[in-house]
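Asks: Annotations for this protein, taken from Swiss-Prot, read as follows:
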{"type": "DOMAIN", "residues": "3-63", "note": "domain 'HTH tetR-type'"}
{"type": "DNA_BIND", "residues": "26-45", "note": "DNA-binding region"}
{"type": "BINDING", "residues": "His64, Asn82", "note": "tetracycline binding site"}
{"type": "BINDING", "residues": "His100", "note": "Mg(2+) binding site"}
Amino acid sequence: MNKLQREAVIRTALELLNDVGMEGLTTRRLAERLGVQQPALYWHFKNKRALLDALAEAMLTINHTHSTPRDDDDWRSFLKGNACSFRRALLAYRDGARIHAGTRPAAPQMEKADAQLRFLCDAGFSAGDATYALMAISYFTVGAVLEQQASEADAEERGEDQLTTSASTMPARLQSAMKIVYEGGPDAAFERGLALIIGGLEKMRLTTNDIEVLKNVDE
């Protein structure tokens, strides 16, 4: 298979993923849809895990449009824009969060991660805090999408309103709180959670004055 054919395999696999989900995505089914023998896929993907890694990379390449800082970004707008863009990329495909979880980043993703770290360090974060900040937001985003996609699949299977079903067993305070969450929907829940994380990071960031003081000490 040449490069073009490899890209065709990935494109077809993403289409199949949307049709049958991660569990139904097998190399046998993929080969059938492509009209080739199953061993032909092993030229590029030695197993399903390698295929999933390629799909995860493709999801980000196609849909993650704010993966690196823009000229008009400050650290807050970048973290928010990056997380929202990452979330959209995962939501663009059925089981997108499950596909992404546990994958190994390819070289292009590592380069982008390095650019993100450099940007946050220049904004006043220590290398450690910048790393943990990116990890925390990434984990939060993947977890939020994982829960959303699982909840949507569960609601479709059950064919019932989860809030109505469980409301009678909830304490009054929890019932009111969950009503806010369900009425706001997953978008509002994600944005609020992200705002709380970014607000917390503000407390850990060095100010411009702090940076200048450290520079003077080093000199």
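Here the Cβ of each residue, glycine as well, is placed from N, Cα and C on the backbone.
I'm curious about the neighbourhood of these features; can you describe it?
Replies: For the domain 'HTH tetR-type' (3-63), the model's pLDDT averages out at 91.
Tertiary neighbourhood of the DNA-binding region (26-45): same-chain residues 1, 6, 8-9, 12-13, 15-16, 20, 51, 54, selected by CB-CB distance under 8 Å and a gap of 6+ residues from either end.
The Cβ neighbour count for Asn82 (tetracycline binding site), using a 10 Å radius and every protein chain shown, is 25.
If you draw a 10 Å sphere around the CB of His100 (Mg(2+) binding site), it holds 24 other CB atoms from the protein chains shown. The secondary structure of His100 (Mg(2+) binding site), as reduced to three states from DSSP, is helical.
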Asks: So how many other Cβ atoms are close to His64 (tetracycline binding site), meaning within 10 Å of its Cβ?
Replies: 19
Asks: Kindly assign His64 (tetracycline binding site) to one of the three DSSP-derived states: helix, strand or coil.
Replies: coil
Asks: With DSSP helix as H/G/I and strand as E/B, how many residues of the DNA-binding region (26-45) fall in helix, strand and coil?
Replies: 14 helix, 0 strand, 6 coil
Asks: Whole-number Å distance between the CA of His64 (tetracycline binding site) and the CA of His100 (Mg(2+) binding site)?
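Replies: Here the two Cα atoms are 13 Å apart.
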Asks: Using Cα coordinates, what distance in whole Å links His100 (Mg(2+) binding site) and Asn82 (tetracycline binding site)?
Replies: 16
